[in-house]
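Going by TrEMBL, these are the annotated features:
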DOMAIN    1-262  domain 'Plant heme peroxidase family profile'
BINDING   GLY11, ASP13, SER15, GLU28  Ca(2+) 1 binding site
BINDING   PRO102  substrate binding site
BINDING   HIS111  heme b binding site
DISULFID  CYS118-CYS150  disulfide bond
BINDING   THR184, ASP193  Ca(2+) 2 binding site
Amino acid sequence: MIQFGQLLSQGCDASVLLADNNKNGTVEREAIPNRMLKGFNFIDTIKDEIEETYPGVVSCSDILVLATRDGIVLAGGPYYPVLTGRRDSKESFFDKAMAEIPRPNGNMRGHNIGRIGCEFIRPRLSNFLGTGLPDPTLPPDFLEELKQKCPHDNNTINNMFLEHTAKGLSESAMSYSQRLSVSTFSSIAASFDNHYYKTLMGGRGLLFADQQLMANEKTAAVVEDYSFDDGTIFGTEFAHAMAKMSKEKFGAVAPISILINE
C-alpha cells in the first residue's frame, strides 16, 4: 500500500508519488522496498478530477491518505477519521526509503492485503539462508503448496533489482490472504480481515519475515490477540494506529479550503 511506504520514510507528504529524477538520479518510488507499490495511476486520476473543480487546493498527500482510508473501508476494513491540510513535498527521498522501509525479505514485518512476488518466497523453498535446504519451520504440506505455486524458473522474476522485474511481479505472485487448506491455495479475494494472523498461528506465513512474528514472545502475543474471533481487536487497533500515523510529521493543520497545494 502506497501510504504505508510513505509514512515509514518521510511522513504524509506524497514524496513517493514524484516521478522526476532528483539530484541523485533516483526517486523514492523506485527504491527496492517500494517496487511492488501499485495504484499511482488512481491517485493521478483523482488529482486530475479534483483539479478541474478545485485547482491548487487539495494536495496529493491528502488524496493519498483519504484514498487509503476509503480503500480499506471498501475492502471490509474499519473506518477511521483523518485530518486534512497537508502540503506536498517537492523532494524525493530514495536513500531514506532504502534504509528505513522494511523489505519483503526482511527479518520481521506484517501484512494484510496485497500480493508478494515469488522471488521473495523461493529462498525458503530450496536454499534457506544459503543452506541449500528448505526452511525447516515450514510445515511439509505447506512447503509443497508453495513449490507448486512458485516453481523454480530462472526465466521468471530472477532479479528484483531490474526495472522490468517490478512490472512483472504480479505475473508470479501470491496473495497474502490464503485459506488454510490441505493441498491447494484458495484466495479469499481482496478482503480486509484478520485471516493473515490466523495463518501465522498455523505456521503458514508466506514469508520468513511473516512467520518471525511468532518467534518473538511479545509479537506472538499480539498475533494471537489479532487472530481472535472475527478480528474486532485487530480492526479497532488498526483504525487507531492509522489515524495516529496519518498525523505523523504533520504539524499544525490548516483548513483545507484555504490551503494552497504546492
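From the backbone N, Cα and C atoms, a Cβ is placed for every residue, glycine too.
Taking the features listed in TrEMBL, we show where each one sits on the structure.
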{"residue": "ASP13", "record": "Ca(2+) 1 binding site", "Cβ within 10 Å": "24"}
{"residue": "SER15", "record": "Ca(2+) 1 binding site", "Cβ within 10 Å": "25"}
{"residue": "GLU28", "record": "Ca(2+) 1 binding site", "Cβ within 10 Å": "28"}
{"residue": "PRO102", "record": "substrate binding site", "Cβ within 10 Å": "15"}
{"residue": "HIS111", "record": "heme b binding site", "Cβ within 10 Å": "19"}
{"residue": "CYS118", "record": "disulfide bond", "Cβ within 10 Å": "22"}
{"residue": "CYS150", "record": "disulfide bond", "Cβ within 10 Å": "23"}
{"residue": "ASP193", "record": "Ca(2+) 2 binding site", "Cβ within 10 Å": "18"}
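For the pair HIS111 (heme b binding site) and GLU28 (Ca(2+) 1 binding site), the Cα-Cα distance reads 21 Å.
Among the recorded positions listed here, namely GLU28, PRO102, CYS150, PRO102 has its C-alpha nearest to that of ASP193 (Ca(2+) 2 binding site). Rounded to a whole number, the distance between the Cα atoms of ASP13 (Ca(2+) 1 binding site) and CYS150 (disulfide bond) is 36 Å.
Cα distances from CYS118 (disulfide bond) to the binding-site residues ASP13, SER15, GLU28, PRO102 are smallest for PRO102. Looking at SER15 (Ca(2+) 1 binding site) and PRO102 (substrate binding site), their Cα atoms lie 18 Å from each other.
Residue pair PRO102 (substrate binding site) / ASP13 (Ca(2+) 1 binding site) shows a Cα separation of 19 Å.
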